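Annotated in TrEMBL:
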BINDING   185, 299, 303  Mg(2+) binding site
SIGNAL    1-21  signal peptide
């Protein structure tokens, strides 16, 4: 593993952003079409922007059939209706309001919960979808942002966090009374993969998905070269990138303390919660980026590895096949796993 400082990398830094980082604001279900010709392929770059899963999403694909992207947006709406914890009648809402009863859900919901539980076991509980009672006590974006939860209430909520009590069968999902789930740490990754599958099945071989910073490349660029994906600098207030990595047909997902959070008395409180206490994870990391073949794994791992911290997280990722990571610490150090030694470029070459 190699280390470079952000200060060095930022010297004369170029302003490179994530391919779809400059996103316009949207409303739920909105989709603004644009197109630009691609001479080499004879196709046009079609794009749609929408607001789903509590974030802005961008779908770009090279095709002359705009209806494919419209259908993809409709799929996003379907998944939002299915997996949102706040929409009455969604699978997650029904599970959380079942008062201990088993709830019949869609096959997609069964799949995502089963995969989530696998990551809970793999991470020894550092990743846990039953964190919702704790999440409910924090407000990182609304009118109560900056208000710390009551310590006793948070401790009580944390006592209900236990993924081993989630009972999943083909007949449905059952939680103990008082336990609830939040799929926010993995839903975007799962849905990003499904939308990619949806597009590929309709003949798309070249495109890019950006679901709130969960980036997934479909194939390579029209000229056959790799996509260059920027890794955000946590210290930047304008979304500037600290490094760039080339990818093809793979996912790049970032988590960090800069995304949703606030400061109180010099302490940063952010949305990545310690599953054992309900308080935000406090370690040396400011941000982490995971590269993997699919967005679900990258999404789940970005939260899991962040909670592990630099040393444990690095060793953990080094032991996984086909997964790489970039770590940025609060004291402005950048490090990465060995598989990126010949791929990652710090901007301005540090």
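Cβ from N, Cα, C; glycine included.
Just so you know, TrEMBL annotations never went through curation; they're auto-generated.
Every protein chain considered, the tally of other Cβ atoms within 10 Å of the Cβ of residue 303 (Mg(2+) binding site) stands at 27. Each of 127, 184, 186, 189, 253, 255, 300, 301, 302, 304 belongs to the same chain as 185, 299, 303, is absent from that list, and has a C-beta within 8 angstroms of the C-beta centroid marking the Mg(2+) site. Listed in sequence order, the residues of the same chain lying 6 or more apart from residue 299 (Mg(2+) binding site) and placing their CB within less than 8 Å of its CB are 185, 186, 188, 189, 190, 192, 214, 251, 253, 290.
Summarising the environment of residue 185 (Mg(2+) binding site), the number of other Cβ atoms within 10 Å of its Cβ, over all protein chains shown, is 23.
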